[in-house]
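Taken from TrEMBL, the feature domain 'Cadherin' applies to 37-95, 96-196.
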Amino acid sequence: MERDSFVGNIAQDLGLAPSQLAARKARVVSEGNQQLFRLNPSTGVLTAKESLDREEICPQSETCTVFFTVFLDNPLQLIRGEVEVVDVNDNSPVFPEKEMVFEIPETTLPGSSFPLKNARDKDVGSNGLQNYSLESNSHFSLAVTTRNDGAKYAELVLDQQLDREENMEMNLLLTATDGGSPPRSGTAQIRIVVLD
């Protein structure tokens, strides 16, 4: 959400007239280090004080709930509220390195696997990293596994024996894709150096 975006109407939620909020000097305080919301006591409208970035507020967390307290004077009353910050697909998967280099002897047997550096996606859930793919080639395939925590890991698998005299070096494109709509992706180059 951008700065000054509408979050809710406190007066409506509390069943109070906006004039009552103003008369009772209503103010809002966010829990935590950062004041995220602003209350207009004459209208009862709660707005975002600054732009809300879910990945900054709740990094790598499935749910993101922000708590605040409304203070009313005469008589003193404290009312706790919460705002759920929903993830949008605003980040692409990113690999830690743009190129991964593997030196593989030509005597390496088919079925051998090579762990790849994994992409990271700041988005979570269905907007987070969902799959890896490898450009079509005659020597390698990709094995993707999912751990108990839901993280995806990829390994390069040798399908056909390498021949240095035929190919001294191969370049493959690895793609990481998220589950957003539309999906976002990131790529890394895999360079295979075939050793004699």
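From the backbone N, Cα and C atoms, a Cβ is placed for every residue, glycine too.
TrEMBL labels come from automatic prediction, so no person has curated them.
Confidence in the domain 'Cadherin' (96-196), given as mean pLDDT, stands at 95. Residues of the domain 'Cadherin' (37-95) grouped by DSSP class, helix first, strand second and coil last, total 4 helix, 25 strand, 30 coil.
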